[in-house]
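Peer 1: Grabbed the feature section from TrEMBL, which reads as follows:
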- 156-217: domain 'ANTAR' (DOMAIN)
Amino acid sequence: MTESVSTQLATFARELHGEEGIGDTVRMMLEHASALTGCAQASVILGRRPTAEMIRASAPQAHLAAIAQVDLGEGPDVSAMSSQTLVVAEDIAADVRWRHWTPIVTDLGLGRAVSVRLGTQDEALGTLSLYSTFAKRFDAERLATLSLYAQHAAVAIATARRRAALRRAMDDRNLIGQAQGILVERHGLDAEEAYAMLQQYSRSRHVRLRDGADQVVSRRYSLS
């Protein structure tokens, strides 16, 4: 790896780990990946088929190519999810691996693609793909750099997920606490009794505890 590419990778990794939310992390990934590979279009799929947690792309063609893979269950992203190496298609039109996906993407004007699995030791998170409108061999050094970058990207996504989960948990606890306070004041209960009433209410409505708490706080329902 040349010094300039190594410096670029280090800079991108620092920027990536500085993002807070999953959406911002993925947006930066798309920008970085295009710069690292020289491919104009990029996409990220988070989650596994038959559904996808998130699909983001830097251009409409790449977005449609990603959606087609989720719908069809084939393509470089799908192959990359179960592979520890890059999945490369230097001439999509001539590639016979994905007979349903290939004609769709060829009609979109995409000529080559490379996909890499985004995963940690604990889980597979999704895939990152790059597309160009022409068929051409990929530069070996840039592909190696992409593999290294994908490792940083996977860690950044996993970290952003954990942060989001912690924020949701804190928000839920705060909301439940507000609902308890309302019930204490309204019904003259202590904290434990208010919590038990909130649990009973949520079960009777077949909703999660935090959703029951939200209904109490927004005064959409009365617990009388």
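The count begins at 1 with the first shown residue.
Backbone N, Cα and C atoms are what each Cβ position is placed from, and that goes for glycine too.
Note: TrEMBL annotation is automatic and uncurated.
Values in this document were obtained by computation on a predicted structure and should not be read as measured data.
Describe the structural surroundings of these features, if you would.
Peer 2: The average pLDDT computed for the domain 'ANTAR' (156-217) is 90.
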Peer 1: Please list the DSSP helix, strand and coil residue counts for the domain 'ANTAR' (156-217).
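Peer 2: Once the DSSP states are binned, the domain 'ANTAR' (156-217) shows 56 helix, 0 strand, 6 coil.
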